[in-house]
Amino acid sequence: MADIDKLNIDSIIQRLLEVRGSKPGKNVQLQENEIRGLCLKSREIFLSQPILLELEAPLKICGDIHGQYYDLLRLFEYGGFPPESNYLFLGDYVDRGKQSLETICLLLAYKIKYPENFFLLRGNHECVSINRIYGFYDECKRRYNIKLWKTFTDCFNCLPIAAIVDEKIFCCHGGLSPDLQSMEQIRRIMRPTDVPDQGLLCDLLWSDPDKDVLGWGETDRGVSFTFGAEVVAKFLHKHDLDLICRAHQVVEDGYEFFAKRQLVTLFSAPNYCGEFDNAGAMMSVDETLMCSFQILKPAEKKKPNATRPVTPLRGMITKQAKK
């Protein structure tokens, strides 16, 4: 446990932020024992907090980042670096982009520094069988070693799975599950755990909404299901919720509504993989649960960032008075 005891979080965050303003792509090479310490300490914190987080607004919610470190820095510049704002990230920190290590290290460092104000959910890429293939394993092996990748795996296996904001907004990476009847089922999932090939945990990280599906449908991903608008409406009604907030799919404007604004998809990696001309978005939830969207245009476009008008959820949602 020496790695944890000697961890200088402020120094690590400072070095990770030093590349602000540099040409995108410049690496920050932390010491291996520092990264190991980040994994071990954050793992402790994840396990000390619920697998189904109960959070309070105001906070900012972000979708997939996928190793696009300089876009993550732009998100923080736009939304406010912690602790100026509270954050909830919906998973998929690693793979595909060029700087998964910087991305996950900064996020874990902020989790350690501000454990009650900064929250990270698990995405389907925080899973050994996926990030072994899509880039994170290769990045760890090239810049450090395979043992460090395995340390990250142990950390990812302890991430929380879902969050509920002020008893009204249900957040997860993928979507709903035909197995999900009670929130208690999520709370009963034991950590550490890998992501199974099917079932509740798999679906929460993998499923997608589909406007052409009635009920539950098959998916092109070959994992989990798609679900229609009626499934969303029934779920919200049953659990007295107002909105599902999820990530997992590239959307052109960085956010996209579904099922009469009862579900929103967030994607926070602009110009994803350099192949899509998508914007990235972050959803700000204020104390009254009014939601607005902050948009990151692809960096190459050199257009100013735009703020979309405030969007009420299904009319105006009033924040529950604290008992």
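Note: Cβ is positioned from N, Cα and C throughout, glycine not excepted.
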**Message:** Using only what Swiss-Prot says about Mn(2+) 2 binding by D64, D92, N124, H248, identify which of H173, H237 is listed for that site too.
**Reply:** H173
**Request:** For the recorded Mn(2+) 1 site, whose residues are D64, H66, D92, find every other residue on that chain with a C-beta no more than 8 angstroms from the centre of their C-beta atoms, and list them by sequence position.
**Result:** G63, I65, G67, G91, Y93, V94, D95, R96, G97, G123, H125, A247, F267, S268, A269
**Asked** Cβ-Cβ under 8 Å from H248 (Mn(2+) 2 binding site), same chain, 6 or more residues apart: which ones?
**Response** G63, D64, L90, G91, D92, G123, N124, H173, G174, G175, L205, W206, D208, T265
**Whole-number Å value for how far H66 (Mn(2+) 1 binding site) lies from H125 (active site, proton donor) (Cα to Cα)** = 9
